[in-house]
Amino acid sequence: MRNSQAICLALFVFFIGFDHQHSMVVEANFWDTTYFNWGAHHSSVYNNGDDLQLVLDKSAGSGIESKKEFLFGSIEMQIKLVPGNSAGTVTAYYLSSKGDKHDEIDFEFLGNVSGKPYIIHTNVFAQGVGNKEQQFYPWFDPTTGFHNYTIHWNPSQIVWYVDGIPIRAFRNYEYLGIKYPNKQGMKAYSSLWNADNWATRGGLDKIDWNKSPFSAKLRKFTPRACTWFGQGSIGYCSSKANWYTSSAYSNLNYAQKGQMKWVRDKFMIYDYCKDTKRFNWNMPRECSLQQF
């Protein structure tokens, strides 16, 4: 029943979103748009640059980053996660600037022992401050096929999508003193690495190196975003003339809000805004504000 619901919902999303979400798709060749920043010796780009494999073994993990930096737009990637016993591994897909006051928007996929679900971990940093984690179980097996993970980021809001279904939104309340990532260009990154000190059951389940090498596969990297050329890009990339700043992307529509509620009601497993013990009841201000 869960799978059939998800399939029907995904098809619905595809048809209602096609005109807007796919009108400016530009698939990017990995050779042309990214480079390995570590682990290139055992990872690979293949299929004429359209597909990429990240590898983790005892010697090292691996990662890529985009050659360009971006400020606002939509960044998509299709990912097939590490199958089988993936405990202790993390596959990351995120945007980030550099420095102590960096901005960052995260998807991280926390591995698990065989038969247990992955955890989709999300977070957002502004000027070096994060601590805004939300986590979800996927409503599908993310290891048997490719699934689309999209970060849609504009001056009004950030939305995390999985197969076209919004799972989280973070709105810009900068006028209330809440930091928002809108003044730093960010590169796109993806990596596969050893995080068995925390990733699975708080570090209780370690990597089984007898199962290595571990691999995650990526394809159809699609950055439909404003290229960052320095501080002068802030005005240009924020301009109302850009497709992603149109009213259609300022708020989720009625159907998208219903989709997000479905995901959050059924598959959300952690929300920092409900963790009163962590913040000693002194909750972050955005937790009392509407996000979608």
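Residue numbering: from 1, along the chain as shown.
Each residue, glycine too, has its Cβ placed from N, Cα and C.
Bear in mind that the values here come from a model prediction, so they are computed numbers and not experimental data.
Feature list (source: TrEMBL):
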type	residues	note
SIGNAL	1-21	signal peptide
DOMAIN	19-218	domain 'GH16'
ACT_SITE	Glu104	active site, nucleophile
ACT_SITE	Glu108	active site, proton donor
CARBOHYD	Asn112	N-linked glycosylation site
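Mapped onto this structure are the features recorded in TrEMBL.
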{"residue": "Glu104", "record": "active site, nucleophile", "contacts (Cβ under 8 Å, 6+ apart)": "Tyr94, Leu95, Ser96, Ser97, Asn123, Val124, Phe125, Gly130, Pro181, Met186"}
{"residue": "Glu108", "record": "active site, proton donor", "contacts (Cβ under 8 Å, 6+ apart)": "Val90, Thr91, Ala92, Tyr93, Tyr94, Ile120, His121, Thr122, Asn123"}
{"residue": "Asn112", "record": "N-linked glycosylation site", "contacts (Cβ under 8 Å, 6+ apart)": "Ser86, Ala87, Tyr118, Ile119, Thr200, Asp205"}
Segment-level pLDDT (mean, integer) for the domain 'GH16' (19-218): 94
